[in-house]
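Positions annotated as domain 'Peptidase S26' by TrEMBL: 17-96, 102-146. Here TrEMBL flags S40, K83 as active site.
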Amino acid sequence: MFRRVLGKTLGFLGYTVQYGCIAHCAFEYIGEFVACSGPSMEPTITSHDVVFSERLSRHLCRIEKGDIVIAKSPFDPHMNICKRVIGLEGDKICTSGPSDVFKTHQYVPKGHVWLEGDNLRNSTDSRSYGPVPYALIRGRVCLKLWPPHNFGALNQSPTGRIVKRSD
């Protein structure tokens, strides 16, 4: 009887480890569900919205201007941020406000992206901490799941800050 209980316990433990490995690989390499908080992406994403962040784009270097990404915070590596990609490496970004008389610009260095929240008045982003290394990007947000009445793909930037490359 002891052998049977031990056998069933070890069998259960084996299945648990297998499913745990599958879940880990799925969340690490395919995507994850993210509950968002904070006002920086309003009105596109509000507090308590749940989104799906896919990771394949990051691994395949397919992050583009206008994409919303989840990234590690440059200030706190234990915190994730949700921002929109405004510029890629080599892009010239206007860093001054709309009411500034003298316009200032900054180039995005190689291996970096420029991230900004959609709510420009209430967002700590690249305007505060500068370009973000591409390696800090965790995934690209492709779908809003919650609340149900807002289910679907995400809208374009309401700020119009995405500057097309003039090559």
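Here the Cβ of each residue, glycine as well, is placed from N, Cα and C on the backbone.
Keep in mind that TrEMBL annotations are predicted by a computer and have not been checked by a curator.
Since this is a predicted model, take the numbers as computed values, not measurements.
For the pair S40 (active site) and K83 (active site), the Cα-Cα distance reads 8 Å. Taking Cβ-Cβ distances under 8 Å and a sequence separation of 6 or more, the neighbours of K83 (active site) in its chain are S40, M41, I68, V69, A71, L115, E116, G117, S123, D125, S126.
Summarised by DSSP class, the composition of the domain 'Peptidase S26' (17-96) is 18 helix, 26 strand, 36 coil.
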